[in-house]
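Undergrad: One structure, pasted below without further comment.
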Amino acid sequence: MPRYRDLTHTARPSDAPRVIEPKNPLRTIDQGALEMLKVAQEQHIETVFDRFVAQQPQCGFGYKGVCCRICLAGPCRVKTEEGPGSKGICGATAYTIVSRNLVRMIAGGAASHSEHARHVLHTAHAMVEGNAPDYEIKSPEKLHKLASKLGVSILNREDQEIFKDVTEIAYEDFGRYQDRPLAFLESLLIEQRRNKFKHTNVMPRSIDGTVTELMAQTAMGVDNDPVNLIFGGIKGALSDLGGEYIGTTLSDILFGVPEPIVSESNLGVIDPKMVNIAVHGHNPVLSEMVVTAARKMIDEAKKVGAEGVNIVGICCTGNELLMREGVYLATSSASQEMAILTGALDAMVVDIQCIYPSVQQVAECFHTKIVTTEAIMKTPGAQHIAFNAETAMEDAQKLVRIAIEAYKNRDPQKISIPNERHKLVAGFSLEALTNIFSKINPNRPISVLTDAILNGQLKGVVQMAGCNNLRRPQDESHIAILKELVKNDVLVVATGCSAGAIAKAGLMSPAAVDAYAGEGLKSFLKTLENANPQLSTGLPLVFHIGSCVDNSRGIDLVMAMANELGVDVPKVPYAASAPEAMHEKAVAIGTFGVAMGLPVHVGAMPFIEGSDIVYGITTQIAHDVFGGNFIFEMEPQEAAKKILDALEYRTWKLRVHKQASEKFDTQIAQGW
Ligand code: BF8
Ligand code: SF4
């Protein structure tokens, strides 16, 4: 029965509770974390799970987004439906306060991703200037491709020279003052989206300028029109995407384009016989050096009685190293403290973002050294070693040495490592995927994917992303939604802590295909495997496409699918899901997903329910203007159903329009 309207974007979330069992501190389904939680309870070590419980119930005003404290006349809260109590002291109504708060979150997200990208850019720049001798251009192919897209000449030029021009364009993207769009972002977009963003006035011209403008726009006594505010937020989210794309592409050039690689995940990868160093945060610039240093320092580790140095990753630094180096992924955000509780972690080297301030307090119960490395991220009690691109290898060796020294102070009584580790295959950059598809169709590789959708073998593609949020047990929603999607023949690509959840549970392996994939997905993956005998391992149930900045890889894939199908993004059967969204970065990512024309499921309600107007803009007006919309749903089964409905609607419409264009020999309709 064809469905003529996609109802998902008008639906309210189900009545499922927003917080499951608020007083229960057993808030994870990760087996490794559960084992460590017992240790924490026995030893009375406080963790994030205890603090979550202690915070319940959380503030109702904050939850609805109607608390304002952006000026010293506040804090103001919207207390009543009507009268003076329904506004802040200055007269700001609920829709102004809610949208301002939301937009400031997007600005925070854009600033975070872009700061990460800026650091990679500084490193690239130092390298081309000859000031960072420990770095090199690992992928000239990626450099040439990117340079061509940016209009930089590559003919008869040295790679260093080309890269210099590319870094200059990236710097301009941060601080351009002329009225020209972000060059990196523009090079990523298909023409229809470029025009859409231009006509709706949301195309950013500089990243720093946009974030600053948003802070100014949302200051006391400035913009109070919710539509104008939200459109400002969309511009901010697009500058976030521009920053992400700079981060991903420059990291690929410096550290290599990921290719399929075998590794393992969960806390069992911490090895009692080795010096164990966790690299935690987001930025590969430092951690890549730590990996290289560790490989060179085995003898030093042996001198203190260890067999070698074992680097394990946490959060997105972990994802970056897993994708390119096959480094073990120890754990993801909500269970970061658990890595220390094993008693066998000698050092945790952190860079930026998603690092709980509590890791230092937990580390003080053990011999573990916490080392901060970036000027904008320090922790009282932790050691700080400023990391410089100029002295990268020297700095990295210092860090490894701190861990080797700490190893001597290990207390064997306190070691308790969960016996939980799972094989996985990661490393699916768009280049790697295209290469795999090209073995079936060398001229139009992406048609292998779009044809499988058009002929019904696959239902579509879903990009699973985002964090852990303890309103429901850690990882539960990621895993439940994933299982439902793959059972229904959806090809899943994953990033960030969603990829982490899937990997830790053993679902990112070829073995999981037989256990969980529907017949269509199974046969699709088998066909790819048979056409690719060069792969040393089978294909996994889920394609890991990287860290959170690598959500730009997903957008790159959507653009390729839209191009192949000859339609704008809102007709492509591609959706995104952040089942446990937490960070401001996730708010920015979700928003650019919607602007890009995708249905975006979010499983942790953002603070917008205090304003029907803002809720309506995110779920309905966004769809009218951009073709994408948020689907807010906390209950995982219900969420999976809504995501599948959104894909089904798109596939149905795409087929109808395709058939019509073939029958009447006309261009395929571009509307949605
Ligand atoms: O950038 S998924 S908790 S680790 S914010 Fe953080 Fe969220 Fe994890 Fe990576 Ni992304
Ligand atoms: Fe209150 Fe207005 Fe100040 Fe916000 S900006 S704190 S609503 S007076």
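Quick reminder: no glycine exception, Cβ is built from N, Cα and C everywhere.
Automatic prediction, not curation, is the source of TrEMBL annotations.
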Undergrad: Do you know which of CYS90, CYS315 TrEMBL groups with CYS68, CYS71, CYS76 in the [4Fe-4S] cluster 2 site?
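TA: According to TrEMBL, the candidate sharing the [4Fe-4S] cluster 2 site with CYS68, CYS71, CYS76 is CYS90.
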Undergrad: Going by TrEMBL, CYS316, CYS354, CYS467, CYS497, CYS548 bind [Ni-4Fe-4S] cluster; tell me which of HIS280, HIS282, HIS384 is listed for that site too.
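TA: TrEMBL lists CYS316, CYS354, CYS467, CYS497, CYS548 binding [Ni-4Fe-4S] cluster, and from HIS280, HIS282, HIS384 it also lists HIS282.
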Undergrad: Which binding-site residues of CYS68, CYS71, CYS76, CYS90, CYS316 contact ligand 2 in the sense of C-beta under 6 Å?
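TA: Once distances to ligand 2 are taken from each Cβ, CYS68, CYS71, CYS76, CYS90 fall under 6 Å.
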Undergrad: When DSSP states are folded down to helix, strand and coil, where does CYS68 ([4Fe-4S] cluster 2 binding site) land?
TA: strand
Undergrad: Going by Cα-Cα distance, pick out whichever of the binding-site residues CYS59, CYS354, CYS497 is nearest to CYS68 ([4Fe-4S] cluster 2 binding site).
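TA: Considering only the listed binding-site residues, the nearest one is CYS59.
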Undergrad: Using a 6 Å cut-off on Cβ distance, which of the binding-site residues CYS59, CYS316, CYS354, CYS467, CYS497, CYS548 come close to any atom of ligand 1?
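TA: Those binding-site residues that pass the cut-off, since their Cβ is under 6 Å from ligand 1, are CYS316, CYS354, CYS467, CYS497, CYS548.
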Undergrad: Round to a whole number and give the Cα-to-Cα distance in Å for the pair CYS354 ([Ni-4Fe-4S] cluster binding site) and CYS59 ([4Fe-4S] cluster 1 binding site).
TA: 22
Undergrad: What is the set of residues, excluding CYS68, CYS71, CYS76, CYS90, whose C-beta falls within 8 angstroms of the centroid of the C-beta atoms at the [4Fe-4S] cluster 2 site?
TA: ARG69, ILE70, ALA73, GLY74, PRO75, GLY88, ILE89, ALA92, ILE97, MET220
